[in-house]
Amino acid sequence: MIKYNPAIISNNITLKILGLICMLASSYAYSQNIPQDSVYQLNSTWLDQDANKRTLSSFSGKKQVISLIYTHCLHTCPTIVSTMQAIENKLSEAEKQDVGFILVSLTPDTDTPAVLKEFAQSRKLNLQNWSLLTGTPQDVRSLAMVLNIKFQNIDNNEVNHSNLMTGLDEQGRIKFQELGVINNAAIAAEKLTNF
């Protein structure tokens, strides 16, 4: 028969409770450092191209350029991605260290992490600086609303959507929005380096 020592059990429970309190306290303190006008206030969990769970706040600490696209788009999405790549190419090597690029899928049912990874490889995106995200339809809708990106699903898994790129500061506050057209790459790159 196994005998349990109540003192050891009590100490283990106490340590677990203290650990939980510390974890919650640090999480609360972290959330208090996110400005109220930050996109990172959205409480959503996403999957990246490697199927890692990510929160938007995990992108804090670097400036970000974010846009909503879908990988099988044949119209505006390739232009948005090309424009974001042109922005990246206009940055110096030092500036690239301080900027990330986020693409969020408008068709999360078909843009799985594996599809996003294949898309990143086909577009030759440097995954040191780029993150491709998929989430629930509701989380996509919430993010689109915060970024003032309008979209509507239409037939054959196609989407009508705004052609916008959004620049975020290190704390996830919107600093600029530009149309995702190649002529705006230089303007967006300059804005990124000046805030």
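Quick reminder: no glycine exception, Cβ is built from N, Cα and C everywhere.
Nobody curates TrEMBL annotations by hand; they come from automatic prediction.
Between Cys77 and the candidates Cys22, Cys73, TrEMBL records the disulphide pairing with Cys73. His161 (Cu cation binding site) sits 9 Å from Cys77 (disulfide bond), taking the Cα positions as reference. For Cys73 (disulfide bond), the same-chain residues 6+ apart in sequence whose C-beta sits under 8 angstroms from its C-beta are Glu158, Val159.
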